[in-house]
Amino acid sequence: MATGKIVQVIGAVVDVEFPQDAVPRVYDALEVQNGNEHLVLEVQQQLGGGIVRTIAMGSSDGLRRGLDVKDLEHPIEVPVGKATLGRIMNVLGEPVDMKGEIGEEERWAIHRAAPSYEELSNSQELLETGIKVIDLMCPFAKGGKVGLFGGAGVGKTVNMMELIRNIAIEHSGYSVFAGVGERTREGNDFYHEMTDSNVIDKVSLVYGQMNEPPGNRLRVALTGLTMAEKFRDEGRDVLLFVDNIYRYTLAGTEVSALLGRMPSAVGYQPTLAEEMGVLQERITSTKTGSITSVQAVYVPADDLTDPSPATTFAHLDATVVLSRQIASLGIYPAVDPLDSTSRQLDPLVVGQEHYDTARGVQSILQRYQELKDIIAILGMDELSEEDKLVVARARKIQRFLSQPFFVAEVFTGSPGKYVSLKDTIRGFKGIMEGEYDHLPEQAFYMVGSIDEAVEKAKKL
């Protein structure tokens, strides 16, 4: 095991000099004793002359030139398998929940090759989420990739927690949650939410939060993914939740300049597309098992053309766009039904009835959007009878797209609802065909199925 010495420390980037004949490989892990703590470094570049440039996987406070560094001769390895379920780990797979050792039987390196083309499988099976607007407008495929796009504070994390709760309880599969650069409070809330719903023993939690050095945030997504790959290769259907994929990009940006790379557009790293591709190509389903992934994507300044969200778009099967405008109307989940898309929304996959209902809902909402200007200037009375009907139905649809969440019961004060796809289609089809024209629009706000709206109308 070769030993080197630290020659330079710039924030999270540490240069280490090794003997010429024992230079570590790129992505190898190095270990340094920093006071009474072990610090792991990951090799990023070989600079020549026996010097390697590394990223620290923890705080580099207290490091100084001349400290001895050991080459571990393998990439960072993390525990995988059932021992990780119900545990909270950091980027190195070390437990941070004070429940003792993980006690794993196997450790895998976090840098792995993506499955080959022959191993990939293609499934057209739908995954029901119990959230009306998602099941209707942008259905998820089993083994597909979903992105939750939204600016700050429109509900990405709450939507993700609801999805985990619904899928864990209704589908009873294993899930892996990677918290990448998000708030520690959310991680804490999430853990308690999972414990209260008795699904914690089906979830592995990996966190690299906002206060961590960029090395942690850059690699924690790979740590979570590696654990998910192990479950997949055992022949299971596993769910991988990443909150937030934008922080993964941001961590890369933070160290990119320190690694000596020229920045590209908007100051992002020049390797943005490649780094995203390396991660996304591994999140895939093989003939042995599937990984269905849901990734929250922060959209800087609500601009979907920013290079980071724009690069992520290309890899996804379904995009759920959360809109500040809809959130401001008090409609939660604040999913924009006109902006959200899914490759599964095809009559050959979801069936003709589902497809027609979804497209019908979109056309009514689109027409309402066009009429809004006229209403704002001239008022409702200037509209034709036909347009008045469209507006009335559109407003009912808009309210019916809202839904009380289980994980938000403390905020909304109303119990959460899980709505089956069959009930969702029946409800929206009924509104479009005018079966509920006689009900007031308030009856449709924050209810589950259409039957609840009818019941609510009787009490109004």
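From the backbone N, Cα and C atoms, a Cβ is placed for every residue, glycine too.
Features as listed in Swiss-Prot:
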type    : residues                                                       : note
BINDING : GLY150, GLY151, ALA152, GLY153, VAL154, GLY155, LYS156, THR157 : ATP binding site
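Around the Cβ of GLY153 (ATP binding site), 11 further Cβ atoms fall within 10 Å across all displayed protein chains.
In sequence order, TYR298, LEU322, ALA327 are the residues of the same chain, not among GLY150, GLY151, ALA152, GLY153, VAL154, GLY155, LYS156, THR157, whose CB sits within 8 A of the CB centroid for the ATP site. The Cβ of GLY151 has fewer other Cβ atoms within 10 Å than any other of the binding-site residues GLY150, GLY151, GLY155. Cβ neighbour count for VAL154 (ATP binding site) (all protein chains, 10 Å cutoff from its Cβ): 25.
For THR157 (ATP binding site), the count of additional Cβ atoms within 10 Å of its Cβ stands at 21 [all protein chains shown].
In the three-state DSSP scheme, ALA152 (ATP binding site) falls into the coil class.
Residues near LYS156 (ATP binding site) in space but far in sequence (CB under 8 A, at least 6 apart, same chain), listed by position: LEU148, GLY150, ASP243, ASN244, ALA296, VAL297, TYR298, LEU322. Within 10 Å of the C-beta of ALA152 (ATP binding site) we count 11 further C-beta atoms, all protein chains included.
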